[in-house]
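What follows is a short report on a single structure.
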């Protein structure tokens with residue numbers, strides 16, 4: 001089918017926006033120009049002068065299916081991603097059953113094939129059942145379609161296990177993706193160790209819990225040559241360790257989540273589970289280090305860590321609520337409003353971190369508006385300001401601390417392989 005997206009604007013170098021129309025055909029971008037004859041197309045969509053970007057790429061989401069479908073499903077999670085402008089997402093393996101064999105992984109892909117409205121790439125675990133010290137069969141999992149290997153939700157606690165996993169992943173040319181958390185340093189913590197945790201009388205999580213395991217893993221990554229990717233970096237020390245590793249030529253990449261760029265522990269209003277996440281919100285110096293890390297290339301990309309939970313679960317106290325907040329439907333709006341509108345980031349940088357770079361570092365055919373590339377496209381309204389309304393989410397979950405925040409940059413349309421996956425007009 002020949003599809004036209006007309007009257008849009010795309011980013012050129014030096015952050016210039018130019019008028020553009022996109023000709024989509026056979027699932028790819030066939031041509032980009034100022035305008036085309038509408039009579040030549042079977043479908044025409046009007047961008048009304050708004051921003052056209054490559055579809056965003058999120059390398060860190062939790063879709064909860066199978067096993068926890070009262071929180072989220074592949075269908076609702078992928079719709080949430082599409083509503084946020086994401087066309088490719090990578091789903092974590094903390095499921096039930098854990099997809100730790102080729103057969104179980106194939107079953108998850110069957111669900112994805114049936115229900116997903118965006119491209120969903122599934123991670124496989126590093127160890128059986130996530131918490132064991134028994135390595136999975138990485139070769140078989142790769143053949144079954146594993147995107148990369150991770151035990152996200154828990155850190156691999158034993159250095160020897162991590163070393164062997166890295167060695168195997170390197171041999172298979174696969175990435176090893178790490179949730180970094182030394183459990184021996186947790187001490188039951190539920191939020192950042194600092195003045196706020198003391199004020200609320202809650203056990204804190206040391207910054208060293210994260211940075212110490214990153215330092216260990218980087219040493220092992222140097223030894224094995226694996227592509228080592230650090231999930232949701234949150235501390236100043238972690239940024240320093242990653243920066244030093246990159247300077248030393250070690251193949252390490254890293255992501256940061258929007259909430260860690262925007263919020264700090266001082267923003268937490270009280271003992272409210274909607275503010276509980278892992279890693280926790282850190283201090284002002286940590287947040288600035290994350291911003292600086294993006295700007296100097298230490299941190300490669302922005303990933304949401306979309307983590308849906310049931311409402312009753314998150315309405316509990318910090319001690320009892322599960323970790324995590326949703327982020328797919330708010331990520332671009334929050335980053336655009338808080339950083340581009342304020343002049344801290346450029347629009348080009350944001351698209352780089354949310355589309356181009358995540359695709360590049362994992363070798364995905366995504367994140368680009370070029371002739372012949374997959375027609376994975378988002379259209380954003382940069383002009384209209386509106387409050388975030390969790391009740392309007394496509395996600396089953398509403399666990400966000402950003403409800404009521406006024407933001408710009410809502411998604412108007414999302415296309416996957418040239419087909420309309422989500423549009424505001426259709427809602």
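Cβ coordinates are placed from backbone N, Cα and C, and glycine is handled just like the others.
What Swiss-Prot says about this one:
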type	residues	note
BINDING	60, 62, 152, 305	Zn(2+) 1 binding site
BINDING	62, 63, 64, 94, 278, 309, 323, 324	substrate binding site
BINDING	152, 179, 232	Zn(2+) 2 binding site
ACT_SITE	305	active site
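Structural mapping of features recorded in Swiss-Prot.
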residue	record	Cβ neighbours (10 Å)
60	Zn(2+) 1 binding site	27
64	substrate binding site	25
94	substrate binding site	21
152	Zn(2+) 1 binding site	22
179	Zn(2+) 2 binding site	23
278	substrate binding site	20
305	Zn(2+) 1 binding site	30
309	substrate binding site	27
323	substrate binding site	17
324	substrate binding site	22
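If you take the CA of residue 324 (substrate binding site) and look 10 A around it, you hit none of the binding-site residues from 60, 152, 179, 232. When the alpha carbons of residue 60 (Zn(2+) 1 binding site) and residue 232 (Zn(2+) 2 binding site) are compared, the span between them is 9 angstrom.
The two recorded residues, residue 232 (Zn(2+) 2 binding site) and residue 94 (substrate binding site), show a Cα separation of 16 Å. In sequence order, 72, 73, 74, 77, 78, 91, 120 are the residues of the chain that are 6 or more apart from residue 63 (substrate binding site) and have a CB within less than 8 Å of its CB. Just so you know, of the binding-site residues 62, 232, the Cβ with the fewest other Cβ atoms around it within 10 Å is the one at 232. Taking the mean position of the Cβ atoms of 152, 179, 232 as the Zn(2+) 2 site, the remaining same-chain residues with a Cβ inside 8 Å of that point are 60, 92, 150, 153, 177, 178, 180, 231, 278, 305.
Counting in whole angstrom, residue 323 (substrate binding site) lies 13 from residue 152 (Zn(2+) 1 binding site) by their C-alpha atoms. Same-chain residues that are not part of 60, 62, 152, 305 yet have a Cβ within 8 Å of the Cβ center of the Zn(2+) 1 site turn out to be 61, 92, 153, 179, 231, 232, 303, 304, 306, 307. Cα separation, residue 64 (substrate binding site) to residue 152 (Zn(2+) 1 binding site), rounded: 13 Å.
The distance from the Cα of residue 305 (Zn(2+) 1 binding site) to the Cα of residue 278 (substrate binding site) comes to 9 Å.
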